[in-house]
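Chemist: Look at TrEMBL and you will find 60-82, 102-122, 128-152, 270-292 tagged as transmembrane segment. What TrEMBL lists as disulfide bond is Cys192-Cys208.
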Amino acid sequence: ARLSMQASRLVELPYSSSDDDDSSLAGDTDLPVAEQDPGVWCPVPPRLGTFSQCVRYLAFLWNLLFLLLGLLALAVGVWGLLAKRSLGGERLAPLGSDPMLLFVLVGLGASTVSLAGCLGALRSSPCLLRFFVGAVLAFAGLEVLGGLLLLAARHRLRDALRDALLLCLLRYQEEPDLRFLVDEVQRSLQCCGLGSYRDWETNPYFNCSAPGVQACSVPDSCCLDPWQNGTVANAQCAFGALRLGDAAAGTVVHLGGCVAQLSAWLRGQVGGIVAGAAVLVLVEAAGVLMALKMLGDIVPVGVWD
């Protein structure tokens, strides 16, 4: 009888201790997960709805398009710089005044910001999305500031335009980009020089005291008929035009300058410029709104503070 009573006690002891352990474990499970092991606790991101998923993919495609456009502008700028470096025997313009540098800077900035937007939308990264929003807002601020400066200094634009054209005229033979720009303006607007065709005397290559064959001449883009037999470009159609009087030169080249006609053309394009600026602002606003929507889905509102 004693052996049976001791055996029953031995059998009851483990069960009583296990009950206590279970009760202690049960009590521990009542605690929040974060209080049990705060270092291991990690919040589960909320599941995105259908609309949020559509915004995410649309933002990715939106930024991908502008990434490709930025890379295209960057490639054009780099190609232009490399192409001019390969021209042997021609002095290169400094990078600070090279128009191709503008393509490089615009392409680099657009591709960098668009790449951040693409990766931020694809990986749901708050850091990249915040960088994208900040960069776009900074660009928009610079655009607004530039527009206000142009509006405030609109009366001085004519003088600034004249100075820019004078610089192009002086460097006409030295920089291929400026030569192309001047020729296109003179052909399109049917003008020559700044105020008149005689402004080309300030160019060291077209001056009458120059030793070359172009002395006392103007570019062929000033000619009334720059074609020979209607099919072949005549590069010598304006040779010796500065030696002629105004009446005789008027039968060969355009006598009027480009400043007045270019100013009138720019005034006529104000509506198109305003429309283009409005489209640009809408594009930037759409990108920012999509990025903010994704940030609102990824990061709770209280976490922003």
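Quick reminder: no glycine exception, Cβ is built from N, Cα and C everywhere.
Keep in mind that TrEMBL annotations are predicted by a computer and have not been checked by a curator.
Please situate the listed features within the shown structure.
Modeler: Counting same-chain residues at least six beyond the ends of the transmembrane segment (60-82), those with a Cβ under 8 angstroms from any Cβ of the stretch are 95, 98, 100-112, 114-115, 117-118, 121-122, 132, 177, 286-287, 290.
Distant neighbours of the transmembrane segment (128-152): 63, 109, 112-113, 116-117, 119-121, 277, 280-281, 284, 287-288, 291-292, 294-295, 298; these residues of the same chain sit at least 6 beyond its ends, with a Cβ under 8 Å from one of its Cβ atoms.
Listed in sequence order, Gln186, Trp200, Val218, Pro219, Ser221, Cys222, Val253, His254, Leu255, Gly256, Gly257, Cys258 are the same-chain residues at least 6 apart in sequence whose CB falls under 8 Å from the CB of Cys192 (disulfide bond).
Counting same-chain residues at least six beyond the ends of the transmembrane segment (270-292), those with a Cβ under 8 angstroms from any Cβ of the stretch are 55, 58-59, 62-63, 117, 120-121, 129, 132-133, 136-137, 139-140, 143, 147.
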Chemist: Cys208 (disulfide bond) has how many other Cβ neighbours within 10 Å of its own Cβ?
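Modeler: Result for Cys208 (disulfide bond): 11 neighbouring Cβ atoms inside 10 Å.
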Chemist: How about long-range neighbours of the transmembrane segment (102-122): same chain, 6 or more residues beyond its ends, C-beta under 8 Å?
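Modeler: Distant contacts of the transmembrane segment (102-122): 56-57, 59-60, 62-64, 66-67, 69-78, 80-81, 128-129, 131-132, 135-136, 139, 287, 290-291, 294.
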